[in-house]
Amino acid sequence: MTKEEQYTATAKEILAEVGGTANISNVVHCMTRLRFNLKDESIPNDKKVANIKGVIGVNRAGGQYQVIIGQTVANVYDALTAAGGLAKNAAVDEDLDPELVKEKEPFSWKKLGSTILNKIAGSLTPLIPVLIAASMFKMFAAILGPTMLNVFAASSDTYKLLELVGNAGFYFFPIFIGYTASKQFKTNPVVSMFLGAILLDPNLVNIVKAGKAFSVYGIPMTLVDYGSTVVPILLAVWIMSYVEPFFKKIIPSALSTIFVPTLTIAVMLPLTLTILGPAGSFFGKYISDGILAFGKMGGIWAILGVALIGALWEILVMTGMHLIMIATMITIFAQAGHENFVDLGAIAASFAVAGMCLGAALRLKDKDEKALAWGYLLAGLIGGVTEPGLYGIAIRYKRPFIGMMIGGFLGGLYAGLTHVTAYVLVPVANFLALTGYVGGSTMNLVNGILSGVIAFVGAAVATYLIGVTKKDTAVDAADFKLVEA
């Protein structure tokens, strides 16, 4: 079946399920959705419509019956209007749909966790092209650089170029997310990006690195490195979504161009740098401190601590607080020449991300989504870049996050139980990370490798069994929200 034939088949099934031409008052499409005004909204069966091939999900909002298609919506719309003899209308912009902008779901503690993940996923999903491109450059740097094929020396311009391009894709996350989060929270995109850029200003970075005391309007600032972080800017843009409308409301329109962005940033500076930014890392810091305490207790607690690192490492990466544990690991290496706690869990976690990608690739039905999952798997195992899998699979679909944590926990638990020790601090997170276990006994190396295999297989199996989504299909990326049928 050709693509055009599939579009026609999908369109005809949708047309039949919504009650046919006679039940349609009007139909338009936006970037990802067919939007129907139906005479009788009780006719469509949401589950049946959602299960049509080519349909991602359905939604009822603003007096419209919305069928979510994704990037091929224009093709399906053309086939639909042709099949039903309906008049064509120009595409609409979701962001300018007043009914949908005003509509907010009532707050629910029950849905709080899901809502938070949806906002994170909605802000990260549009960044997948950046994740893929940056990962490819980092992967080429890993393969062609001194750690593998040694085609390029660490001092060569080509290697440095590959590294800097790959690093830039992740380091500037606060700016990228400033834009995508603005779509979620309906703030000014450019001002939101500006807020993210402030977190990465070289002067602020130098203050943090030097450990110098700094205050904002006389309020002491907690020193945090915001490079590659996700949560702090999300919190900042969320609060900004209340601050910005306030100034828009009270400032005369003639002065709004100057004073709304200026006053918004002026208010957001102390909120972001002294409260929201540190709060974004607060949770991660306490996880880090708690796990490190397990290591100091020794015995069964240390074993459990390694397992927890394997399970929770990627959460720490999101908050930027994994740096605390890395600093501890480096200190122990420098003093003792080996380490048997943090590194074990971190390596297990990286293999768990790759395993999760494998489980997702095997479970997903959509060819494009499968291809992405396979790409993330290669990026993790060969390139040592786990962010694409973390943000492109775990956060995006939610369910695989559980599989990833299970795999990381199991791999870390095995490493702890068998008293594996890392003798080499390997600066990569790909399969070569296992060479860090070289230097001790043969069984130490074998058990170290087995811990990685257990994490990989455990995450793959858990992800496959748990499933990726209810339909194991795509996410409505362009619409910036997760859709579950």
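Residue positions begin at 1 at the first shown residue.
Any Cβ shown, glycine's included, is placed from N, Cα and C.
Caution: TrEMBL annotation is automatic and unverified by curators.
Here is what TrEMBL records for this protein:
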ACT_SITE  C30  active site, phosphocysteine intermediate
DOMAIN    8-90  domain 'PTS EIIB type-1'
DOMAIN    118-482  domain 'PTS EIIC type-1'
TRANSMEM  127-149  transmembrane segment
TRANSMEM  161-179  transmembrane segment
TRANSMEM  191-211  transmembrane segment
TRANSMEM  223-243  transmembrane segment
TRANSMEM  255-279  transmembrane segment
TRANSMEM  291-309  transmembrane segment
TRANSMEM  341-362  transmembrane segment
TRANSMEM  374-394  transmembrane segment
TRANSMEM  401-425  transmembrane segment
TRANSMEM  445-466  transmembrane segment
With a Cβ cut-off under 8 Å, give me the same-chain residues at least six positions beyond the ends of the transmembrane segment (161-179) that come close to it.
123-124, 127, 130-131, 133-141, 144-145, 152, 189, 192-197, 199-200, 226-230, 232-234, 237, 385, 387
For the residue listed as 'active site, phosphocysteine intermediate', what is the tally of other C-beta atoms lying within 10 angstroms of its C-beta?
22
Can you find at least 3 Cβ pairs under 8 Å between the transmembrane segment (255-279) and the transmembrane segment (191-211), where each pair is 6 or more residues apart in sequence?
yes
Intrachain residues whose Cβ lies under 8 Å of the transmembrane segment (341-362), provided they are six or more past its termini:
292, 295, 302, 305-311, 313-314, 322, 325-326, 328-329, 332, 370, 373-374, 376-377, 380-381, 384, 386, 389-390, 393-394, 397, 400, 403-408, 410-412, 415-416, 420, 422, 425, 429-430, 433-434, 436, 448, 451-464, 468
Is it possible to list how many residues within the domain 'PTS EIIB type-1' (8-90) are helical, extended or coil according to DSSP?
30 helix, 22 strand, 31 coil
How does the model score the domain 'PTS EIIC type-1' (118-482) in terms of mean pLDDT?
88
